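These features come from TrEMBL:
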- 18-34: transmembrane segment (TRANSMEM)
- 46-65: transmembrane segment (TRANSMEM)
- 97-124: transmembrane segment (TRANSMEM)
- 162-179: transmembrane segment (TRANSMEM)
- 191-214: transmembrane segment (TRANSMEM)
- 234-258: transmembrane segment (TRANSMEM)
- 270-298: transmembrane segment (TRANSMEM)
- 318-342: transmembrane segment (TRANSMEM)
- 362-382: transmembrane segment (TRANSMEM)
- 410-427: transmembrane segment (TRANSMEM)
- 448-471: transmembrane segment (TRANSMEM)
Amino acid sequence: MALSQSGATRDHWSSRSAFILAAVGSAVGLGNLWRFPAEAGANGGGAFVLFYIACVLLIGLPILLSETLIGRHGQSAAPESVRRVASASRASPRWDILAGMGVLAAFLILSFYCVVGGWVLYYIGVFIGDIFTSGIAGGAFEGQSAEAVEALLPDLFANGPMMVGMNFVFLAVTLYFVARGVSGGIEIVANYMMPAFFILLVAITIYGAFGGAFTQTLDYLFTFEPEKLTGPVMLAALGQAFFSLSLGVAGMITYGGYVGRNVNLAGTSAIIASADTLVALLAGLCLFPIVFAAGLAVGAGPGLMFQTLPHAFQEMPFGSVVGLLFFVMVGFAALTSSVALLEVPTAWMIDRFRIVRPLSAIIVAAGAMTLGALAALSFNVLSDWHPLGFIPVFEGQGFFDVLDGLTAKFFMPIGAILTAIFVGWVADRKLIDMENGLGGALHLFWLFLVRFLCPIALVGILVVGIFPGLFD
Ligand code: TRP
């Protein structure tokens, strides 16, 4: 039915605040809680964090507005939305490649994202078990040394079948909500889980602040050492900014497609970006004191949240309860993002092949489960498999890390470069002026960022990130 694609009958967010909650839910997720502290830890702390904030303000925010405005104008799945903007601007419909790449990238992210979602479920189980075995007053291993705890815990990362099973459960929950639709499923998740998430985050941050290592954390996160700002660190910070804001992979074009005409996109974009950045910083302030206080290493990379932190909880008073609440909170944030990730390719399939929503979502989820299982097993059974090992940046990396690096360091920046050129140079000026909700000097500044700063900075960072030796 052709009508179902028109703005009039398509499913929409039920209100402006529903859109904001869902978009903040999409942005705030494992990217803020797991990936941001891990990347900051692996890339030297302060220099990474400050460059990350600059990327959010000068590149992320203008691109976020560009994506939502393409989506809102197009009122369709991402590639079709780009084609509609192109056709209104008498430009080539082939610009839809920027969204096509995005749909593929969102699918790749979804597949490893749900692996991490599975780790979250696993630890929810571990802490529930701890409460049953040792009550709520203590951590399961309170008073024992980090090494002793390490020896006691079963290692999730060695357990392939457990990881794949948990991955399946997390993906199935995601699938359930996406199959129910935009206003009847995705919105419901955001409506309940985002407020609960914020309350838990603030509570746990306060708890961590009393743990003692707060000033050490502030030093670590905000001391700027310019010599640490190398090309790869800049690219990592940029990739993190895009990952965290759900940019460069057609995510915000897709969500923008369900936004009504009356919503001011500039204002909502600013709210989304601020909330997301605030949560990333709070997550850092919440995690590192706990890690420092337990005397554990910060440079643990991806293991920070799923190996280091659980041990820290298990050594603290009330650690089992706080640990449980912590991972429930992470699970809420993860789910509001995984539904967004699944929605991107699902919306595309509905639009492209006219398959009904539940079936489209099932097909995408089945594909993501297949890749996800391979990603999960790359930590154990398949640890010797280095799929893109012949490319220097992926040398020695397993499938999980390749999926993550490929999307954050290639797909996202390239998608963003194309978006900036498309919106800044190709799309019709009147259309853009009408959609973006900006006036006067702010409008000109935004246009300057999208036309000049974003493409140039993105190309520059991509080059120094991939070829760090180039300017030595
Ligand atoms: N922003 C999400 C997070 O921080 C992850 C993410 C990346 C995403 N790209 C996306 C979510 C696209 C939805 C759509 O966890």
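Note that Cβ sites are derived from N, Cα and C of the backbone, with glycine treated the same way.
Most Cβ pairs within less than 8 Å of the transmembrane segment (191-214), among stretches 18-34, 46-65, 97-124, 270-298, 410-427, belong to 270-298.
When each of 162-179, 234-258, 318-342, 362-382 is scored by its Cβ pairs under 8 Å to the transmembrane segment (410-427), the top-ranked stretch turns out to be 234-258. Of the two recorded stretches, the transmembrane segment (46-65) does not lie close to the transmembrane segment (162-179), with fewer than three CB pairs under 8 Å once pairs fewer than 6 apart in sequence are set aside. Residues 22, 25-34, 106-107, 109-110, 113-114, 116-117, 120-121, 123-124, 126-128, 130-131, 134-140, 142, 170-171, 173-175, 177-178, 185-186, 189-190, 193-194, 196-197, 200-201, 203-204, 207, 246, 251, 254-255, 279, 305, 309-310, 312, 361, 364-365, 368 of the same chain sit 6 or more residues outside the transmembrane segment (318-342) yet have a Cβ under 8 Å from a Cβ within it. Between the transmembrane segment (162-179) and the transmembrane segment (234-258), the number of CB pairs under 8 angstroms, six or more residues apart, is fewer than three, so the stretches are not in contact. By the Cβ criterion (under 8 Å, sequence separation of 6 or more), the transmembrane segment (270-298) is not in contact with the transmembrane segment (97-124), since fewer than 3 such pairs are found.
Under 8 Å from some Cβ of the transmembrane segment (18-34) lie the Cβ atoms of residues 68, 113, 116-117, 120, 183, 186-187, 189-191, 193-194, 197, 240, 243-246, 251-252, 255, 258-259, 263, 268, 271-273, 275-276, 279-280, 283, 287, 302, 304-306, 330, 333-334, 336-340, all in the same chain and six or more residues away from its ends.
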